[in-house]
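First comes the structure, then the notes that go with it.
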Amino acid sequence: MTAPELVLTPSEMKQADRDAIASGIPGIKLMRRAGRAVAECAEKLASPGAAIVVAAGPGQNGGDGFIAASLLAERGYRVTLGLLGPAERLMGDAAEAAQGWKGGIVPIEDLRFDDADLIVDALFGTGLARDLGGEARLAVERMNASAKPILAVDLPSGIDGDTGAVRGAAVRADRTVTFAARKPCHLLMPGRAHCGAVEVADIGIPRPILEARGGTLFANAPALWRHRLPRPGLTSHKYERGHTLVASGGATRTGAARLAARAALRIGSGLVTVASPPEAIGVNAAHLTAIMLRGCDGPEGLHTILQDQRFNALVLGPALGVHAGTRAMVTVAVHARRSLVLDADALTSFEGLASELHGAFSHAPTVLTPHGGEFTRLFKGRPDLLDPESKIERARRAAAYTGAVVLLKGADTVITAPDGRAAINENGTPYLATAGSGDTLCGLIAGLMAQGVPAFEAACAGVWIHAEAGERFGPGLIAEDLAELVPGVLRDLLR
Ligand SMILES: NC(=O)C1=CN([C@@H]2O[C@H](COP(=O)(O)OP(=O)(O)OC[C@H]3O[C@@H](n4cnc5c(N)ncnc54)[C@H](O)[C@@H]3O)[C@@H](O)[C@H]2O)[C@@H](O)CC1
Ligand SMILES: [K+]
């Protein structure tokens, strides 16, 4: 089994770095390996003898740049190196690395990026401490304006390692070489869009050290949850594969529930039932075959249906309407202690009422699937949940607050669990931004939970499978296609 990919924050990386040094690997050795990885990548991007311009900063990121510059010069490249600030201010390993550089050092403002075949951006890495200004900002702007290929060392300078935000200005790299593990900025937007292709170089920090310092943040990929995917055995009965219930909206708002229901069935829920308001029974009946149908008149109706313990997973929200009735249905579902996915109207109906959700979901597996706007409305008046700059931190706090797994949607969907685990998804496709796509996602997650997949893994797998299906279809994708693509994705995952 492949181990899940760890993502380390800049401060976790710094601690791991210190642990590695304490374990007997000298810091300069780590820097040499980092610089060598950069040089090797540069060699793939620039033809022999090409002109390489290295922009080095005042910290260790600059140190990596000095090492790479020295190696590339030894290998016959025409290397020019510019430094931000005086060379005398370089300290520690970076100062040692600079001593190994036999070429000249030009002030950063005199570097001519237009003459380069390749630019190596070693201005700032994980130590960026404030917005770029002055010469640093000018250098970044000139690099970008040159339109020359840029290789970023560790991360594109100006990108915040924790949040992926642009701090004043940021390099737009074609390639990024990072060390030991990816950082959040390589996966979170807009940082991800600034990185180009990201390569992770092993600089010899042992995985147990990385696990001890990180270990709670992951890239969302099958390695994180594939082992939890249900594999029905020869004797499996449909009732053992769970029964998902999806609440439908009124007569003119029934499609969302059917999309969710179909997705739940495709992902393997043994049975799926749409719970329909009486006035919408006819419309729903006309469109359902393998999916069953039950009349359900509001919260009381839901309460009655849930007396049947076989309904073990529930989707509430899509097209239910924003009103007290929807809130009451959520309350019924919470009291029934079934696996629960809450989306759209079920979330918006609690606008400004976040306190009602405090600890509300700690008794049964629950997944909340807001997009940014829904998240903001839901937690209105809770600056502790809304203000953190990091999307991961906002989602983590919301999970801790509500007791639910929180899936905060976007091009960089983040999934967090109340116990602090978090995953960042990166296989999304813009074609997923289509009507009904979110309803399908709810169905996938509920369908997995109906089969006993824990909430965090179900949410992570649901997001990934949903995105993979969208990616396989590409242009012209509509929500109806998504569920039909799930079997192909599942087949490959279960191989
Ligand atoms: N495993 C690791 O942690 C390793 C890290 N290495 C490198 O070390 C880097 C981190 O080094 P540092 O902590 O020295 O940090 P950086 O080199 O990223 O930058 C810190 C320096 O930049 C200055 N600075 C910060 N923000 C500024 C701004 N907006 N304008 C002007 N100056 C600013 C600081 O005063 C400090 O001098 C990593 O990104 C990586 O490239 C590698 O050398 C090897 C191993
Ligand atoms: K950099």
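Using the three backbone atoms N, Cα and C, a Cβ is placed for every residue, glycine included.
What TrEMBL annotates here:
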- 13-211: domain 'YjeF N-terminal' (DOMAIN)
- 60-64, 125-131, D154, A256, H371, D439: (6S)-NADPHX binding site (BINDING)
- N61, D121, S157: K(+) binding site (BINDING)
- 221-493: domain 'YjeF C-terminal' (DOMAIN)
- K409, G410, A411, D412, T413, G438: AMP binding site (BINDING)
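Looking at the residues that bind AMP per the record, K409, G410, A411, D412, T413, G438, the two CA atoms farthest apart are separated by 15 Å. Mapped onto three states, the DSSP output places D121 (K(+) binding site) in strand. Cβ neighbour count for T413 (AMP binding site): 27 (other Cβ atoms within 10 Å of its Cβ, all protein chains included). Less than 6 Å separates the Cβ from ligand 1 in the case of Q60, D64, T126, R130, D154, drawn from the binding-site residues Q60, D64, T126, R130, D154, G410 in sequence order.
When the binding-site residues R130, H371, K409 are compared by the number of other CB atoms within 10 angstroms of each CB, R130 has the fewest. Least crowded of the binding-site residues (L128, A411), judged by neighbouring Cβ atoms within 10 Å of its own Cβ: A411.
On a Cα basis, K409 (AMP binding site) lies 5 Å away from H371 ((6S)-NADPHX binding site).
DSSP classifies G438 (AMP binding site) as helix under the three-state reduction.
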